[in-house]
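**Q** The compositional bias 'Acidic residues' annotation in Swiss-Prot covers 1-12. Positions annotated as compositional bias 'Basic and acidic residues' by Swiss-Prot: 38-145. Residues or ranges marked as compositional bias 'Basic residues' in Swiss-Prot: 161-173. Per Swiss-Prot, the feature domain 'RRM 1' maps to 239-322. Here Swiss-Prot flags 359-437 as domain 'RRM 2'. Feature annotation from Swiss-Prot assigns domain 'RRM 3' to 478-564. What Swiss-Prot lists as region 'Disordered' is 1-187.
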């Protein structure tokens with residue numbers, strides 16, 4: 001058997017001193033050697049170390065990942081905090097904005113509330129004022145409807161129903177009898193005689209606007225005016241006379257004295273003894289005057305004085321520009337009395353107005369509703385007139401549709417005739433030529449005035465014709481309405497009021513106020529008050545004081561009433 005103990009050296013020697021590669025041991029050999037254990041152990045240790053290193057690296061990576069996660073969490077947390085802080089700041093800003101907005105809204109709300117309160121206060125004030133105005137208007141209506149409710153006893157209880165309470169002072173104020181009648185500046189030494197129906201206050205001396213304006217509705221039909229307005233205008237204007245061409249040194253007194261003397265000299269004083277002139281108003285700048293006569297008839301008689309010489313100056317005597325012939329015709333004559341003694345003052349019917357001679361112009365085809373002022377304005381477009389005469393019906397005072405005129409400059413006569421002849425005026429065609437041309441006189445227009453004008457004149461004739469003879473009985477109109485006479489107590493109060501107020505002018509014998517019939521039948525004289533005095537002097541004083549006064553907002557018309565009708569119970573006059 002070989003000696004294995006020396007194999008090692010032999011082998012080393014065999015290989016030439018080089019160590020042979022280790023031979024693997026068979027498992028069914030002698031078993032592992034210590035070196036094998038050492039190697040195995042070393043390998044195992046290496047593997048363990050490698051594993052440890054891997055574990056360390058893995059743990060390091062895990063820790064790094066953890067740190068990264070922590071950093072990410074920190075960053076996320078920081079970002080979240082920043083976002084939260086940003087959101088908080090945004091919220092704070094929003095809250096600030098909301099607070100500012102809310103403050104502004106509150107301020108606006110307060111302002112709106114204050115404005116609403118002010119508006120509400122203004123509305124309340126307006127409502128109060130409106131209510132007060134409505135109440136005042138209702139009170140005024142009540143006063144006008146009741147007129148003169150006054151207490152019959154000064155000791156009557158003040159808490160009585162308002163509709164029945166009538167204090168003495170309120171009654172005086174409501175009734176209007178505490179107001180003086182319209183007065184004018186009466187000339188010294190001239191007796192003021194009242195006209196037939198009260199007129200309006202005269203203008204201030206020296207102030208005369210609208211001297212010759214065209215009347216409203218100048219090319220239309222006759223205007224319709226309320227009865228009271230027509231009465232005032234017609235009465236005053238029918239009693240006034242325009243006097244032009246006055247000398248520079250003329251004054252109211254000298255004009256009044258002159259025309260009163262002239263009217264007396266020609267027999268023109270038809271209203272009785274005394275001065276015919278009531279008032280004179282002079283425009284010194286333009287040297288003309290308005291002379292107011294006592295009556296319509298005396299004013300018409302004064303028309304014959306056109307061309308009269310006053311203190312060396314020839315004067316023009318005309319109707320005022322607002323003279324209404326239709327209304328004036330219901331109050332008295334509109335033409336001068338043909339029996340006037342004009343020769344007493346150096347005048348003659350042919351010379352008055354200078355409307356005689358070869359240069360006199362005939363103007364025909366005039367519309368009936370044209371006024372004197374309108375026709376004069378048309379003719380004076382060719383030059384000033386020396387004379388003008390619109391021919392009128394003596395009964396009605398309405399225009400007959402033709403006129404005569406003479407120009408101051410006679411050289412324009414033919415020019416005016418040629419220019420005006422054939423012109424259309426409304427539904428008429430003018431015929432203008434020299435009056436002495438041809439052998440026949442122009443045929444007057446036969447057409448009547450418009451039917452409406454006739455009806456208006458008839459109504460005026462019935463309602464406004466005054467009594468010319470002074471009597472002991474006065475008739476007052478425009479004082480009360482029929483509605484005020486239904487209540488017995490109101491009726492008694494009105495009676496007492498009339499006795500108290502109207503008894504101040506003399507011995508008042510009786511007061512009669514016709515009442516409406518209970519069955520609704522018409523009763524004559526309803527709305528009038530009849531006053532019977534003991535003498536004419538007392539009734540004249542009452543008429544002078546009451547005529548034209550305001551009573552319950554209306555202007556009272558006081559006229560003399562026939563005594564025989566009054567005693568017979570005829571109150572429909």
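A Cβ is built for glycine as well, from the same backbone N, Cα and C atoms used for every other residue.
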**Q** May I ask whether the domain 'RRM 3' (478-564) has at least three C-beta pairs under 8 Å with the domain 'RRM 2' (359-437), counting pairs 6 or more apart in sequence?
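**A** No, since the domain 'RRM 2' (359-437) and the domain 'RRM 3' (478-564) share fewer than 3 Cβ pairs closer than 8 Å, they do not count as touching.
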**Q** Can you give the mean pLDDT for the domain 'RRM 1' (239-322), rounded to a whole number?
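**A** On average, pLDDT over the domain 'RRM 1' (239-322) sits at 89.
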**Q** With DSSP as the reference, give the number of residues of the domain 'RRM 1' (239-322) in helix, strand and coil.
**A** 25 helix, 25 strand, 34 coil
